[in-house]
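Notes for the one structure printed next.
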Amino acid sequence: MSRPSQPKLTTSDHNGVSVIQSQAHASSSSSLPAAVAGLQQVPQLVPANPSAGGGKALPPSKMKKPPADKDSEEYRQRRERNNLAVKKSRMRSKQKAMDTQQRVNELKEENERLEAKIKLLSKELSVLKDLFLEHAHNLADNVQPPAGDNSGF
């Protein structure tokens, strides 16, 4: 079953969006159910310029302002505010890097202390194991019956 091609009307609204509308042929709409024929007439919105970024509105900070005269008071104030903001941002960045380096140094010191404690506890464990094994060996020697005594039979 092949569908007959439908002519499309394209119009452009004031926002730069193209509206594509399909027109159903009278002969094809009579053979289709009313719900399907109604669906064919729904307009589709397509951006007029596909490279325009999907038709999204730009935030006010991204909108182009008319260039200010470099000698104007407004331009000088904006530059001064921007310079202060940049200086403040760089100071925060440096402070954050210094805080991070200080934390790294603290963690390294803590790691060294913990490794030294592990070594000390490992040595202590080894000494205690040796003492335990020596004591267990002495107990085993004292519990064994004498080798020459067969009185149990």
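Backbone N, Cα and C atoms are what each Cβ position is placed from, and that goes for glycine too.
Computed from a predicted structure; not experimentally measured.
Here is what TrEMBL records for this protein:
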COMPBIAS  1-15  compositional bias 'Polar residues'
COMPBIAS  17-37  compositional bias 'Low complexity'
COMPBIAS  66-82  compositional bias 'Basic and acidic residues'
DOMAIN    72-135  domain 'BZIP'
REGION    1-106  region 'Disordered'
Model confidence for the domain 'BZIP' (72-135), as mean pLDDT, reads 97
Taking DSSP H, G, I as helix and E, B as strand, the compositional bias 'Basic and acidic residues' (66-82) contains 10 helix, 0 strand, 7 coil
